[in-house]
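Data block below; observations after.
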């Protein structure tokens, strides 16, 4: 049973919440950096061990798709409740090293292993074996070209046939002979080279480069990571020389760039290492995903930076468990990836609840019901683009500042190979509308405006809008309301003996003047008062006009081609046709 603390006002708080309130309540002027988390799994490439990147997190999870050729779309991490409890057990039983002075990965790894030996978690004879495994090279998931060389394909096929499943987390079954052979190779290598380390041989212990590689420096994914970000590396693997898991959580005193450890040249601040005996690959993988998801959680990352001991970290896990929502099995498909929400809920509410005395919402208690109305989000929340500035051209100036950083990329991104489908879609969307409404406009205006005029107008208006509006992906073409307007305008001009084209020109100039006035007066904010009722009412009017026109044409066809009600079938045989000269 977990004891609870009762505060004034009948608010029941768990010890974990009370502990976090003191941790997060400490004054700290420096904000918590954004965490980039990378998870690597131990695998065997031919005869060599290596750490292969399998997933990464900035805010949401991205997995390496099956086949290892590309990244998945960012999605919300779905964790099993059992993995969170196993992670909690790992933090309770493993070694916790906080504020370690580290300058290189070999030094950090040696400190970790020495701490495990000092705590009697592993025997001293395991030191060199664990160090050897932890210092294998890291192979990161990089974007490969579409056309790969035949040699690359041959290498990948040979590698797949020679790959041993001894240390591969993605496979849960393996042959006993393959395990025995790879184990003997590893032990012979360790007994030969690891038993007698000399300065000339110490290089073979470390396969990781001390400085970031060219691929790391040129990685375009770096653009998605904030400049002040720090890395959290999760290393998961199974080996055959351990009888129980080797678990270590490390927080460095200062973020340090550890060469080729991370996919991008981001300094590492946290390390989580889990090596365990064989047979639990899936469980180890889920524990690694659990700690990686926790590290990108805003509240737990604050706890990880400010934790003073093991109990603080466990309290952070308990708080995370208090907020977890469990989905029952059989009610949904775990293979379905949840799309990231358009607006991510802020963690400030959770932090304020912990920092202040408003702890009623903690652990599902009903004590904070009085403040629920104040915390509810405003229903029609307005963005900055629809706020009234009160200055001449204030909204236009805000639009320019908001769009200027992306103006050039909106243009040259259209030449990327991945934009071909979007370009073709927009082209077909524009040309089909121009043909359809151009033909209808020709019928409605006696060909004063036809298909060619619709083509020319769409091309000119779209070009000007894309160059000055800064939004090349907007589709501009004729629509139903324009068709109805042009038809009524032509009928009005014809009935009142007015030149239709001249009247249309003056209407266009008047519309242009109105647009300038709206921009100068910053009147676009009025759109926030428009509701779905206004839009649907206008759409209903347009639909009614189209339906009535269709009925009128059907009635006109009946009048122009009337039904011969006096027709008799007996007249068919006596029917004849004669051609008479004019």
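Every residue, even glycine, has its Cβ placed from backbone N, Cα and C.
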(request) Could you tell me which of the ranges 358-389, 454-485 is annotated in TrEMBL as transmembrane segment? (result) 454-485
(request) Using TrEMBL as the reference, determine which range in 328-350, 397-419, 420-442 is annotated transmembrane segment. (result) 420-442
(message) For the feature transmembrane segment as recorded in TrEMBL, pick the matching range from 505-527, 528-550, 551-573.
(response) 505-527
(request) Quickly jot the same-chain residues contacting the transmembrane segment (454-485) by Cβ under 8 Å, restricted to those at least six beyond its ends, or write none. (result) 399, 403, 406-407, 410-411, 414, 422, 426, 429-431, 433-435, 437-438, 440-441, 444, 538, 542, 545-546
(request) Report, as numbers and ranges, every residue of the chain located at least six residues beyond the transmembrane segment (505-527) whose Cβ falls under 8 Å of a Cβ in that stretch; write 'none' if there are none. (result) 386-396, 489
